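Everything on this sheet refers to the single structure shown next.
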Amino acid sequence: MEAWRISLWILSLSLILNGANADPAQDKRALLEFLTIMRPTRSLNWNESSSVCRTWTGVTCNQDGSRIVAVRLPGVGLNGQIPPNTISRLSALRVLSLRSNRISGHFPADFSELKDLAFLYLQYNTFSGPLPLDFSVWKNLTSVNLSNNGFNGTIPDSLSRLNRIMSLNLANNSLSGDIPDLGGLSTLQHIDLSNNDLNGPIPNWLRRFPSSSSQGTGVIPPGDVDHFRPPRDETRRKPKTRFFGLTETVFLLIVIAISIVVIAVLAFVFTVCYVRRKLRRGGGGMVSDNSNKMQKKGGMSPEKFVSRMEDANNRLSFFEGCNYSFDLEDLLRASAEVLGKGTFGTTYKAVLEDATSVAVKRLKDVAAGKRDFEQQMEIIGGIKHENVVELKAYYFSKDEKLMVYDYFSHGSVASLLHGNRGENRIPLDWETRMSIAIGAAKGIARIHKENNGKLVHGNIKSSNIFLNSERYGCVSDLGLTAVMSALAPPISRQAGYRAPEVTDTRKSSQLSDVYSFGVVLLELLTGKSPIHTTAGDEIIHLVRWVHSVVREEWTAEVFDIELLRYANIEEEMVEMLQIAMSCVVKVPDQRPKMSDLVRLMQNVGNRRASLEPKPKSENGGASETSTPNLNFRFNNLESYAMKSNGRFVQNVDVIVLQKKHREFRIDEKSERSDLHGAEELEETGFRIGIHTDEDDERDETDMSHDFRLLQRPICPLLRNLQRRHKRLLFFSVVGSSRRCSQHISRRRH
């Protein structure tokens, strides 16, 4: 009996889980029935076998994918009356946009079943008949646009009970009667009732709205409503004007006839001259085989090109799987906020009328033609990766080139690092910076695999890296150098990211991407911009500055002061600094590949996870207030960039402690005798642990040497140690807030 209950419980659980992961079957069926009857002229990727929540154009589901909450199908060529019992079955629907189609008939009565409806857009159709009497069934209505239809009758009084309404547009219909009292709607911000047959005085409450022209974009201006009725077919008789004894009509006909003759003669002369010139040059063929050219270049097929041109010029091109469905008109009407101005254009946050937010990049200096531009967009839009910002749509015309992305509310890495340095600033912690670096590296590595391993980002910088929902780095603006005009290396912040070998932005390489990524890593580690100005107006180049600090002093000033509050991260910071320095070497071939960088940085993060301190037992162990163990290690380094008198320390494992704005250094004169063995020196709060394979294996006693804390280079001492201990295996400098000490155990190769 017990086994039967367990089996039943498992079966029920599996059914629940399967139901949670499945498409909303009833909603899907309702939309397929709607599509079958309405027959849009624009092809939609709706079918029974595909996922409604993931791939259907214009459809958005809730977070768990159990219900459809938005349907946006503007301008897709829907025809006829909305079939009953289709859209109305989407009981969780919040957004419905069917504007700019050819939908006819009365307002669907069964829309009253859509209790959660908040945004309703049916403008620019051919609806007729009265408006619904009871708008109060939609208590969540926020925005309603029924303009440019044929609705008649009166404006319902029930609109006054919409306590959440913010925008109401009933312009360009045939509505009549008085304007209802909507003065109690405190949330109402925009209203347009223009170009109807309304009568009576304008209510006082309506006068609080700004005046505008009666073109369907504003409210009725103050004054008599009769002034804003549609123009009547009435004309005033005027005395006929005569020209040279002829009536006005006859005179105009003569002028038009003469103009036509003159234009025809000029066109004939121009054509004859053009043909003769072509014949003299021996150029008889003027028709080019565009389809062959397209196929030779490996781009868009002629069929796809022609179908797109026939579909509509000047239309946004959406990628497969994108569930956005809006057009250029939506973007032009959307409220826009400038997010940033970069090398290739300006990026805006566009908030559409249904409250959807997207990022729109308006490109400048595009050199590519339409075909080449579309080919590059197809490559970019084909990249689907969690660490690459997905291109949702693009637009190309002679005057405008646009790219549409998802909007990232967390902002860019540049804004998070440099945007707000005031008291209310929320600093980026170390884990977030690591996540940004690893995520961005994964994204760039994925980009470098595209197009047979030849795709280049070309514009990597912190303002083009965003935080996704998991707070990992996400790379944007990839592949644009291929369609842009050549840009000279700018004297600006962007110059700080550019590899020294790049003189033409169109000739960026994957190795120059690695350089730019290294600069971003330095930015995350130091908190400084790639090119910044000191208080004395001195221009500092970040890469050069870090090189000089590492070469000459190796102080903690390299790292962002905001990171000093976090314990036990020094080893990771130094390892990440090493990785960054390997990216920004001048010789491109000496830089690592992005795939190698991903592995190196993941190893840094994994090592930290494995070294996380375990909870202290009640019976022993260090107390919670004990001094943290600050340990830096460089293992088996070859020619590490710490030099003295131009010579590098070779083949030495060295750790240098850095704390805040101080550096612990050792003077070789502190040495009292031969460093072989366990000779004790004066204790000064600084200890170096040394272990060599010259020591007796039976001697398990740790050896340590203490040196005076002095401000002189450490390299002479290291060279001395290397001379005395030919097979030095381990060398460590460790410190804490009070004393610098470390227990060094025996190590063997």
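FYI, residue positions are counted from 1 along the chain as it appears here.
Using N, Cα and C of the backbone, Cβ positions are placed for all residues, glycine too.
Summarising the annotation, TrEMBL assigns signal peptide to 1-22.
The region 'Disordered' annotation in TrEMBL covers 212-236 (among others).
The compositional bias 'Basic and acidic residues' annotation in TrEMBL covers 224-236.
Summarising the annotation, TrEMBL assigns transmembrane segment to 250-275.
The domain 'Protein kinase' (333-604) scores a mean pLDDT of 86 in the predicted structure. For 333-604, the entry in TrEMBL reads domain 'Protein kinase'.
Annotation source TrEMBL lists ATP binding site at Lys370. Annotation note: Lys370 (ATP binding site) sits in a helical segment as assigned by DSSP.
TrEMBL lists 607-629 (among others) with the feature region 'Disordered'.
Residues annotated as compositional bias 'Polar residues' in TrEMBL: 620-629.
Around Lys370 (ATP binding site), the same-chain residues at least 6 positions away in sequence with a Cβ under 8 Å from its Cβ are Phe396.
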